[in-house]
Amino acid sequence: MKIYYENDIDMEILADKKIAVIGYGSQGEAQARNMADSGLNVIVGLRRGGSSWKKAHDDGMNVMTIEDASREADIIHILIPDEIQETVFEQSIRPYLKEGNTISFSHGYNIHYGYIKAPEGVNVTMVAPKGPGAMVRRTYLEGFGIPGLVAVEVDATGDAMEQALAMAKACGLARAGVLETTFREETETDLFGEQAVLCGGVTELINTAFKTLVRAGYQPEIAYFETCHELKLIVDLIYERGFRGMWHNVSNTAEFGGLTRRGRIITEETEKEMDEILKEIQNGKFAKEWALENRAGAPMLKRMRKLESELEIEEVGSKLRKLCGLEK
């Protein structure tokens, strides 16, 4: 796999380009400010009167409506939530695109599943930091950065990859390393990671383990510490040193117990379900389900959010996070 670093990338290709960042949330703010601080001509496109308008203006950004930003820019970098991108694109971006323009994303979802289709003669690229916006900005200011991905779905001008790499460098990503991928690979692996591990799998594992201890008569507070609070310590070890480094830094008892029991938690049946989850991502079933959910006003999501907020582990966790000074 090719990894690009700062010395591999020439930002001169963007010298005469105007870049519109659409959205000013976590990623929008970080990427817009980093690119501006790197000397690029950046404008921010927002809904007039929206909550982010004043924030972006106070940060010194050149703020205008999405329509005006799309009309003025050579590169339109779309960093608003997946579920509203199609509507915003069709209403406020597509009418102003010109041949030779570039539309860029930090997640391939809407391009990969066909909800957004670029007009003829327009590049489609991706610049995707592998971390939250706050970290993208903080590490940039510290003189380093976080790794990132770049991809090209449509190269209408012959230099789309060079543009994407230059944007990644301007965001600070090439300081750590930029990897080339595809829209399909980024989208499908990102969704699978979220569903099977990072957001879905981990929370279900934690809550099930917590309920097991409470059901057996242990104090909920102790159960929380053992199944949730201490998870960060282990994840940090894995993040910094890998599995081997984590095993080396826990007790022999923990290592033996973990290695001999983990296969009883993640079973062959679990692996089959993971395969099924991946298939639903690959064949578009999940994307269709999410689209229908949004068109209906997200009733299932709202209901599940309410149920999550009422979990015992949430009540106990809030109390203990206050005790630890993590929550006010």
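Yeah, the Cβs are placed from backbone N, Cα and C, and that goes for glycine too.
Computed from a predicted structure; not experimentally measured.
Copied over from Swiss-Prot, here are the features:
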DOMAIN    1-181  domain 'KARI N-terminal Rossmann'
BINDING   Tyr24, Gly25, Ser26, Gln27, Arg47, Ser52, Asp82, Glu83, Ile84, Gln85, Gly133  NADP(+) binding site
ACT_SITE  His107  active site
DOMAIN    182-327  domain 'KARI C-terminal knotted'
BINDING   Asp190, Glu226, Glu230  Mg(2+) 2 binding site
BINDING   Asp190, Glu194  Mg(2+) 1 binding site
BINDING   Ser251  substrate binding site
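Location within the structure of each feature annotated in Swiss-Prot.
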residue	record	Cβ contacts under 8 Å, 6 or more apart
Tyr24	NADP(+) binding site	Ala32, Val44, Leu46, Ser52, Lys55, Ala56, Met61
Ser26	NADP(+) binding site	Pro132, Gly133, Ala134
Asp82	NADP(+) binding site	His107, Tyr109, Asn110
Ile84	NADP(+) binding site	none
Asp190	Mg(2+) 2 binding site	His107, Gly108
Glu194	Mg(2+) 1 binding site	Gly200
Glu226	Mg(2+) 2 binding site	Leu213
Glu230	Mg(2+) 2 binding site	none
Ser251	substrate binding site	none
Close in space, distant in sequence - Arg47 (NADP(+) binding site), Cβ under 8 Å, 6 or more apart: Trp53, Thr65, Ile66
Residue distribution over DSSP helix, strand and coil in the domain 'KARI C-terminal knotted' (182-327): 124 helix, 0 strand, 22 coil
Cβ neighbours of Gly133 (NADP(+) binding site) where a neighbour is any other Cβ within 10 Å: 21
The domain 'KARI C-terminal knotted' (182-327) [mean pLDDT, rounded to integer]: 97
